[in-house]
Amino acid sequence: MAAVDKYNVESAEILANSALHLPITQAAPIYEQLLTIFPTAAKYWRQYVEAQMGVNNDDATKQIFSRCLLNCLHVPLWRCYIRFIRKVNDRKGVEGQEETRKAFDFMLSYVGADIASGPIWMEYIAFLKSMPAVNTQEETQRMTAVRKAYQKAIVTPTHHIEQLWRDYENFENSVSRQLAKGLLSEYQPKYNSARAVYRELKKYVDEIDWNMLAVPPTDSCKDQMQWVAWKRLLAFEKGNPQRIDSASNKRIIFSYEQCLMYLYHYPDIWYDYATWQAKSGSMDAAVKVFQRALKALPESEMLKYAYAELEESRGALQSAKKLYESLLGDAAETTALAHIQFIRFLRRNEGVEAARKYFLDARKSPSCTYHVYVAYALMAFCLDKDPKVAHNVFEAGLKQFMHEPVYILEYADFLSCLNDDRNIRALFERALSSLPQEESIEIWKRFTQFEKTYGDLASMLKVEQRRKEALSGTIEEGASALETSLLDLISRYSFKDLWPCSSKDLDHLSRQEWLSKNIGKKVDKSALSNGSAMTDKSTSAPSGVPTASLKVLRPDTSQMVIYDPRQHHGTTVPSNTTTAILAAPNLSNPMATVVGAASNPLSNPIVSMVDGVSSKAFDEVLKATPPALSAFLAGLPSIEGPAPNVDIVLSICLQNDYPTVQTKKATSLPSQRTAGPAPSTSDLSGSSKSHPIPSNSSFRPRDRQLGKRKDQDRQEEEESTTVQSQPLQRDAFRIRQMQKARGGSASQTGSVSYGSALSGDLSGSTC
């Protein structure tokens with residue numbers, strides 16, 4: 001594989017599949033190449049070792065197992081290992097069985113906590129049961145070994161935990177029912193706890209891709225999701241869900257080791273693992289983790305600093321010093337940060353003279369930048385309390401880094417701490433005389449801020465004028481920089497986040513300044529209206545003016561359209577439709593245009609944003625507006641914001657007489673009743689039921705008179721119901737006020753009755 005694509009997963013899979021069909025002599029170089037790139041790929045190790053086992057190459061098989069087993073805690077690979085051990089030891093008789101038992105114990109100590117280790121426990125127990133027992137003592141030892149294996153297996157959260165519990169019950173009952181009762185009652189709670197933990201653990205395990213290859217971190221969604229899945233699993237194990245103190249750390253270590261098989265190139269996982277070991281009190285284990293991490297990621301400066309910090313914290317100064325020296329490495333490849341951190345390390349542990357000596361050597365290095373001078377000067381000033389040495393270091397660096405504006409500013413900050421305003425002015429003057437015009441902008445800005453703090457009014461105004469003259473030729477300032485603006489005054493009389501004007505005024509002044517700078521240019525009208533040109537990088541502000549108010553992103557209102565639900569997506573607008581005008585600076589009521597265009601069913605939903613409005617187009621819109629709507633729009637006051645207050649609109653509606661449409665009165669009720677029997681009030685509500693009259697019943701005169709009386713009562717009731725059911729005229733404004741007044745009680749009781757004589761509506765309940 002090419003070096004630039006060595007972590008290509010697809011290419012690796014193709015090579016691994018091709019090796020399956022090749023003789024071992026030809027496949028071995030392919031496997032070695034793959035495993036050099038993916039040293040924790042358990043499936044490739046297993047494929048490689050099975051190829052060696054297929055040709056009975058025992059020596060090569062043992063060598064491969066010695067290279068991969070401890071770094072690949074993968075159950076299928078370990079089962080392959082135990083299969084090889086059993087095959088080799090089966091010919092050795094009793095001695096071979098003892099070797100196999102030790103191999104089982106060795107395997108279970110590493111992968112016995114795996115959620116997929118159930119078959120391993122079953123195989124181990126079956127192996128123990130098959131061991132021969134010559135006498136009673138050996139039989140007792142065998143039963144004891146089987147019992148211990150069962151008792152370890154049933155407290156381990158695995159996929160086969162329920163099957164193992166049933167087997168354990170059968171085993172104990174087969175040995176002694178009386179003894180089984182006590183043992184089973186003792187281990188029943190532990191088994192229940194392990195089974196509950198298994199159900200929770202399975203949720204985390206199912207999110208992990210166990211066939212994933214260890215590749216460097218990428219931005220792919222799959223890799224990020226796998227990182228999250230492993231983080232969740234580690235957090236779950238750290239919570240010690242089984243509340244077992246002795247086995248908790250082993251399970252966490254096992255989870256970290258499995259995680260590193262797949263996130264081998266993630267420095268944060270290595271760091272978390274090492275720091276967890278250190279916090280657990282295992283400093284030696286933490287050191288070993290860092291050593292493995294640097295072997296996996298030899299170019300990681302972060303891990304080297306973390307390892308050196310651990311060694312320094314536990315007093316291993318020589319080991320820490322070697323790590324810092326390894327960061328220095330070749331003089332051509334050494335970074336300025338490595339110099340700075342080594343100086344700090346020497347200052348902490350070997351004293352001021354050792355740090356000073358190394359600084360004198362480091363300043364001769366080609367990789368020494370102004371950062372080294374600043375760091376050492378601040379160290380001498382803050383830690384050694386020696387401002388004279390710090391001043392000398394800054395002066396020495398000024399000879400070499402006068403062209404660096406950042407170094408000038410750091411030096412100025414140091415002098416500000418000394419309250420040395422004379423040397424600060426001298427420093428600014430020296431820097432401005434040597435720096436090119438384009439690189440002196442920040443220096444001028446800091447100079448004006450300095451005069452605001454240390455100078456008087458005359459010096460402040462003088463520096464501002466000099467700044468304008470010096471920067472008038474730059475692209476940022478332009479020729480308009482020579483003019484005096486109100487923004488300069490705002491800059492002089494502001495302090496931190498306090499301003500002598502409102503944000504609205506500041507935005508207005510910034511826009512005016514932009515217009516003045518571009519007055520000679522041909523500017524698009526849309527840029528002036530929506531302020532999009534304010535986001536240009538060439539926009540600048542005087543020192544102290546916040547740039548947030550200058551770079552305001554405004555919507556392009558020329559693209560606004562009126563929503564029309566009748567127009568489907570993708571349909572074309574007829575050419576003869578009327579174009580509505582959204583914004584008209586010469587109109588007293590801009591809403592009338594939008595509402596009028598929306599109310600016309602033939603109008604074009606597209607709204608154009610222009611500076612001048614055609615009177616003909618506006619007349620067309622007014623012609624299409626209904627009279628009632630025109631009267632309503634004429635009575636609207638001028639408003640601010642995207643929408644008016646609904647209560648104000650309703651009050652205007654109540655105070656004006658708009659043209660109304662007279663509704664026709666309903667026809668007389670008797671004509672309606674002739675069509676059929678009129679329902680009663682209970683029939684309207686749906687509560688009454690029909691009662692059929694039996695055919696064999698006879699009607700008496702008294703019954704007939706009673707029926708007539710009932711019909712008259714029903715008729716009167718229906719007439720009264722009809723009169724009451726006619727809706728009264730609604731006072732919308734009063735209804736809204738009543739609803740608002742009842743809003744407080746509605747939030748407490750959860751129910752508000754909106755029916756009243758004002759609305760004529762039936763009583764309703766809202767939750």
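Any Cβ shown, glycine's included, is placed from N, Cα and C.
TrEMBL labels come from automatic prediction, so no person has curated them.
Per TrEMBL, compositional bias 'Polar residues' is recorded for 527-542 (among others).
Annotated compositional bias 'Polar residues' per TrEMBL: 663-684 (among others), in sequence order.
Sequence annotations record features per position, and here TrEMBL assigns compositional bias 'Low complexity' to 685-698.
Per TrEMBL, the feature compositional bias 'Basic and acidic residues' maps to 700-713.
Here TrEMBL flags 745-767 (among others) as compositional bias 'Polar residues'.
What TrEMBL records for 8-506 is domain 'Suppressor of forked'.
Per TrEMBL, the feature region 'Disordered' maps to 526-546 (among others).
The feature region 'Disordered' is assigned by TrEMBL to 663-767 (among others).
Residues annotated as repeat 'TPR' in TrEMBL: 267-300. Residues of the same chain lying 6 or more positions beyond the ends of the repeat 'TPR' (267-300) and with a Cβ under 8 Å from any Cβ of it are 230, 234, 238, 249, 252, 256, 259-260, 306-307, 310-311, 314.
Within the model, the domain 'Suppressor of forked' (8-506) shows a mean pLDDT value of 91, rounded to a whole number. Across the repeat 'TPR' (267-300), DSSP classifies residues as 27 helix, 0 strand, 7 coil.
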